[in-house]
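Asks: Sharing a structure with you now.
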Amino acid sequence: MIQVLLVTICLAAFPYQGSSIILESGNVNDYEIVYPRKVTPVPRGAVQPKYEDAMQYELKVNGEPVVLHLEKNKGLFSEDYSETHYSPDGREITTYPLVEDHCYYHGRIENDADSTASISTCNGLKGHFKLQGEMYLIEPLELSDSEAHAVYKYENVEKEDEAPKMCGVTQNWESYEPTKKAFQLNLTPEQQGFPQRYVELVIIADHRMYMKYKRDSNKITQWVHQMVNTINEIYRPLNIQFALVGLEIWSNQDLITVTSVSDDTLISFANWRETVLLRRKSHDNAQLLTAIVFDEGIIGRAPLAGMCDPNRSVGTVQDHSKINFRVAIIMAHEIGHNLGMGHDDNSCTCGGYSCIMLPRLSKQPSKLFSDCSKKDYLTFLKVKNPQCILNKPLRTDTVSTPVSGNELLEA
């Protein structure tokens, strides 16, 4: 039986109108201070895990009480999840950390059917939730009062860069559009049922990422875990579960040539993934997370309909924002291209301010797929019938032993 924890957040809700605070997400105006307080622990004598399977939080937002229900995202990691980094002399070091009792949750707001939440509880509450159609961020404050958190609307974060940010979808690797048009589905609402699919994901953080985060692999790891948790939340309506099977940090040097020309970097990464990564770690899709600034305002690139192809089931994503879910949205967008989704045009709708497959990142990023994207995805399943995303992640997915010189550490 799942023990449910009730935590009351006593809100000395102090909105600082017109003043600014510097948070991890950037400069924020108009925020509230909240103080979490645990009031209903698990029954006396019960074994309490570090992170409960289900939790509830009470808090006030804009002066109104809300209840946040959270459930652990148990499918976030595969059973053989591994982390790889490199020693100063270039040796590959792979560990298999125990991640069953992790701290990443999905959730909803009570009495708000349209609400969503993606929260980590690793060090306080950190993440985002949607309430009454608006996106809010929450994060702990670095104050002497360790329980203080800030809650604020996404729109109140000062924008880091007003320059347009675009996706550079790659279509010239294989002509998919003619086949797609021949099989284009005209779906009634009743037909838009999505079959269960599973994507085993590997994320590579390049050397610039390692330097950007001041050589702190733990920070990169938490950043990536939070991103994949959000990607899972985004794809839940399409019935796709993402399991992170591996995280690799190029801590010594890049293993490919990473340049500001996004197409060159994508091709180089795709070739490395096919010839090196696939031989030592079975997976369905690999994404390169880089701190380089790509030319022409591009922040992501991926081949169209490449999922399950050894050379095309890849993407590159620029770590362009201090706000985790903005980067997660770009990675979800690029994976959408891998799953057959083209860019939305003006005829596409999703019931939101913007849709996730727009060619440019909007000022109010959306986590919603349009009707066009859903049709594209179902058409991709029908035309390509990708086999690699049929199986659930298993512990036996490691297909070969590491080459001589690697260190294998069981944590």
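Cβ atoms are placed via backbone N, Cα and C, with glycine included.
What Swiss-Prot records for this protein is below:
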- Glu334: active site (ACT_SITE)
- Glu200, Asp284, Cys388, Asn391: Ca(2+) 1 binding site (BINDING)
- His333, His337, His343: Zn(2+) binding site (BINDING)
- Val403, Asn406, Leu408, Glu410: Ca(2+) 2 binding site (BINDING)
- Cys308-Cys388: disulfide bond (DISULFID)
- Cys348-Cys372: disulfide bond (DISULFID)
- Cys350-Cys355: disulfide bond (DISULFID)
- 197-393: domain 'Peptidase M12B' (DOMAIN)
- Asn311: N-linked glycosylation site (CARBOHYD)
- 1-20: signal peptide (SIGNAL)
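Could you give the neighbours, burial and distances for every feature on this list?
Replies: Neighbours of Glu334 (active site), defined as other CB atoms within 10 A of its CB across all chains, total 26.
Cβ neighbours within 10 Å of Glu200 (Ca(2+) 1 binding site), excluding its own Cβ and spanning all shown chains: 25.
With a 10 A radius on its CB, His343 (Zn(2+) binding site) counts 20 other CB atoms from all the protein chains.
Taken residue by residue with DSSP, Cys388 (Ca(2+) 1 binding site) is part of neither helix nor strand, so it is coil. Sequence-distant neighbours of Cys388 (Ca(2+) 1 binding site): residues of the same chain at least 6 apart with a C-beta under 8 Å from its C-beta are Glu200, Asp284, Met307, Cys308, Ser313.
Cys372 (disulfide bond) falls within a helical segment according to DSSP.
Under 8 Å, Cβ to Cβ, and six or more positions away along its own chain, Cys355 (disulfide bond) finds Asp344, Cys348, Thr349, Ser366, Leu368, Phe369, Ser370, Ser373. In the three-state DSSP scheme, Cys355 (disulfide bond) falls into the coil class.
Restricting the average to the domain 'Peptidase M12B' (197-393) gives a pLDDT of 96.
Asn311 (N-linked glycosylation site) carries neither a helix nor a strand DSSP state and counts as coil. When Cβ atoms from all protein chains are considered, those within 10 Å of Asn311 (N-linked glycosylation site) total 16, not counting its own.
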Asks: Can you tell me how far the Cα of His343 (Zn(2+) binding site) sits from the Cα of Cys372 (disulfide bond), in Å?
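Replies: Roughly 9 Å, rounded to the nearest whole number.
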Asks: Long-range same-chain neighbours of Cys372 (disulfide bond), Cβ under 8 Å, sequence gap at least 6?
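Replies: Set apart from Cys372 (disulfide bond) by at least 6 residues yet with Cβ under 8 Å, we have Met341, Gly342, Asp344, Asp345, Ser347, Cys348, Met357.
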Asks: Around the recorded Zn(2+) site, report the further residues of that chain (criterion: Cβ within 8 Å of the mean position of the Cβ atoms of His333, His337, His343; site residues excluded), sequence-ordered.
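Replies: Neighbours within 8 Å of the Cβ centroid, excluding His333, His337, His343: Cys167, Val169, Gly300, Ala302, Glu334, Gly336, Met341, Gly342, Met357, Pro359.
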Asks: To the nearest whole angstrom, what is the C-alpha distance linking His337 (Zn(2+) binding site) and Asn391 (Ca(2+) 1 binding site)?
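Replies: Between the Cα atoms of His337 (Zn(2+) binding site) and Asn391 (Ca(2+) 1 binding site), the distance comes to 21 Å.
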